[in-house]
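In what follows, a single structure is set out as structure tokens and then discussed.
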Amino acid sequence: MRIEQDLKLGFKDVLIRPKRSTLKSRSQVDLNRQFTFKHSGKTWSGVPIIAANMDSVASFEMAASLAQHNVMTAVHKHYSVEQWGEFVASQTAEVLQHVMVSSGTSDTDFIKLSEILAKSEDLNFICIDIANGYSEHLVDYVRKVRQAHPQAVISAGNVVTGDMVEELIIAGADIVKVGIGPGSVCTTRVKTGVGYPQLSAIIECADAAHGLGGQIIGDGGCSCAGDVAKAFGGGADFVMLGGMLAGHEQSGGEVVEQDGKMMVKFYGMSSQSAMDKHSGGVAKYRAAEGKTVLLPFKGSVDNTINDIMGGVRSTCTYVGAASLKELTKRTTFIRVQEQENNVYGKE
């Protein structure tokens, strides 16, 4: 047993200090990034926000909508190969280039992944996702997928420390997904006592990834546009959002009526709800590590994504960053004990 004495920080522990700026308007800020990925050699440009690979968030409808904003969607893994075929046939290359194909790590998952990728040469992104990215099995699976699909852009996770980021990049991942337990419907930290404050995880993992020419996705923990900006400021190349994009008409969640109001079911992918739906219930040897909530129906996701991007643009103007790429260099975090004045309720 050992104890690390360094304080680790989440988004609520800091604010970004403002700096002098020559920008006259938020409209001058460019949120598009261009990346050339280490192993695949592919180049992608767009707004590096990703809808999380949850079946009550990342539907085909969500992918089609967010692509119009140059934003990515990690489409959840529970669509069939046939459903993927129908989706691919109905969409343009521009939409498909903003889609990640999600995969588990079983032999069946590998076969399914290959069949989906064969549907279109415009499906370039793979999201290999398991809750515990510290498994040797994940590293072996990344190697296997890299060998089978050398031209694909592979993201893999989830992890929270630099050593495992390096391991996954060396094994063949272009991008590593960072975050254990910060999500709004994740209870891993409560059930297991395992986790890492998300901002510190992003800062440390970004340093490790960038040293090897890789990228990271900050996955989880964002509850407002300011948190998204803090994730980018901390060094995240991409930011993945679940709860912030749930509850919309494109999210795919079950709509129910409660007290005369339309509500949308949103749940973690290790929750009782998810395992009942996809695995025949919670296995006797494990515990559910997610919760199920009902969210007020939010309408179209277009309004929400515009609000998020508007907030990040505003952050950039406050620190003098003309582009999202400059935000990390212009960010100075200050530790705080308060975030906002809640006398009239939270925003």
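Each Cβ is built from the backbone N, Cα and C atoms, and glycine gets one as well.
For Cys186, the entry in Swiss-Prot reads active site, thioimidate intermediate. Among the features that Swiss-Prot reports, NADP(+) binding site is placed at 108-131, 216-239. Swiss-Prot lists Gly181, Gly183 with the feature K(+) binding site, giving sequence analysis as the kind of evidence.
Every protein chain shown contributes to the tally, and the Cβ of Gly181 (K(+) binding site) ends up with 24 other Cβ atoms within 10 Å. Between the CA atoms of Ile126 (NADP(+) binding site) and Gly183 (K(+) binding site) there is a gap of 21 Å. On a Cα basis, Gly181 (K(+) binding site) lies 17 Å away from Val228 (NADP(+) binding site). Around the Cβ of Gly234 (NADP(+) binding site), the same chain contributes Leu199, Ile202, Ile203, Ala206, Gly218, Thr328, Thr331, Phe333, each under 8 angstroms and 6 or more positions distant in sequence. Cα of Cys222 (NADP(+) binding site) to Cα of the residue listed as 'active site, thioimidate intermediate': a distance of 13 Å.
The Cβ of Gly183 (K(+) binding site) has 27 neighbouring Cβ atoms from other residues within 10 Å, across all protein chains displayed.
According to its DSSP assignment, Ile216 (NADP(+) binding site) is in a strand.
In this view, Val228 (NADP(+) binding site) is surrounded by 24 other Cβ atoms within 10 Å of its Cβ, with every protein chain counted.
Across the structure, Ser114 (NADP(+) binding site) and Gly181 (K(+) binding site) place their CA atoms 30 angstrom apart. Reduced to three states, the DSSP call for Cys186 (active site, thioimidate intermediate) is strand. According to its DSSP assignment, Ile126 (NADP(+) binding site) is in a strand. Under a cutoff of 8 A between CB atoms, and with a sequence separation of 6+ in the same chain, the neighbours of Ile216 (NADP(+) binding site) are Val165, Ile175, Val176, Lys177, Val178, Ile202, Cys205, Ala206, Ala209, Gly235, Ala236, Asp237, Phe238. In this structure, Thr108 is the one among the binding-site residues Thr108, Ser114, Ser120 with the smallest number of other Cβ atoms inside 10 Å of its Cβ. Here the Cβ of Cys222 (NADP(+) binding site) has 27 other Cβ atoms within 10 Å, regardless of which shown protein chain they belong to.
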